[in-house]
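> Questions regarding the structure given below will be posed in turn.
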Amino acid sequence: MNLDLAYRSFVLGVAGHPQVERLIKHRAKGLVRRYVAGETLEEALKAAEALEREGVHAILDLLGEMVRTEEEARAFQRGLLELVWALAGKPWPKYISLKLTQLGLDLSEDLALALLREVLREAEPRGVFVRLDMEDSPRVEATLRLYRALREEGFSQVGIVLQSYLYRTEKDLLDLLPYRPNLRLVKGAYREPKEVAFPDKRLIDAEYLHLGKLALKEGLYVAFATHDPRIIAELKRYTEAMGIPRSRFEFQFLYGVRPEEQRRLAREGYTVRAYVPYGRDWYPYLTRRIAERPENLLLVLRSLVSG
């Protein structure tokens, strides 16, 4: 295992301890504000409006993972519906992202499908695009099944995510081609065993570019979710060399990460979106951000010292 993946594994392991969670929640509020738009829908909409003024579109994401009861799943669905209704009147592109575990995937695929179907029935006529996030490897197959089911039911304003660090992803991409998916490509942020995921960052990066170029060659619309300057530069070079119009792809960033680069790409004429998370259940999201970059851990330590 290389140092990058060893660091990520260490951080995700430590962050799972209840004492660490309590400490960060109590003393690292400055870091939370950097990466999370707020705990309320109103705060998230204000953050989205600020991004729009800079030429960057927003992806709204109500945080929350792995509900334990059907009642919790339905409560989370109500939060999603409130988000859809709030976006309906906005003049800018409307886009939300969600995880199927938030809608009860671990309880029942039928429950998650039914709740998501109701969200899409409200979202599509209001011009709200819905992205299904991909979670850890045990949930990939179920997520893909539900995506295919929704497309076969006629829903078109729904997209999927694939992760370049999983060995299976190229086959998943090829299997999805008949559905002409709107694809978000990510490297992957979950702690995965070497049996299912590439153990080396260089291999993950190479696979990311391979999958991205393959998707473009197949005519898919691709959202490249990456902060890696080398990958962004190569994708810009490749699309220009191949004559692929900028209307066929976009770049996506996390809220608070490389904001200057977001604005620069937007000024260059690329479509740029920032993933804007909000809600009270922000801790799992924040720990994955800390695990992605060692400098984020330094910010946590400073926050813990300064309070």
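From the backbone N, Cα and C atoms, a Cβ is placed for every residue, glycine too.
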> Per Swiss-Prot, which of Lys90, Lys94, Lys201, Lys213 sits in the FAD site along with Met134, Gln163, Lys187, Gly188, Ala189, Thr226, His227?
Lys201
> Quiz question: given the binding-site residues Lys99, Lys201, which has the greatest number of C-beta atoms lying within 10 angstroms of its own C-beta?
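Output for this query is Lys99.
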> Within 10 Å of the Cβ of Gln163 (FAD binding site), how many other Cβ atoms are there?
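Within a 10 Å radius of the Cβ of Gln163 (FAD binding site) lie 26 other Cβ atoms.
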> Relative to the Cβ position of Ala189 (FAD binding site), how many further Cβ atoms are located within 10 Å?
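Its Cβ shell of radius 10 Å holds 19 other Cβ atoms.
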> Helix, strand or coil: which one is Tyr275 (site 'Critical for catalytic activity') in, per DSSP?
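In three-state terms, Tyr275 (site 'Critical for catalytic activity') counts as strand.
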> Nearest to Ala189 (FAD binding site) in three-dimensional space, by Cα, is which of the recorded positions Lys99, Asp133, Arg289?
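Result: the closest of the recorded positions to Ala189 (FAD binding site) is Arg289.
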> Looking only at DSSP and grouping its letters into three states, which state does Lys201 (FAD binding site) belong to?
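It is helical.
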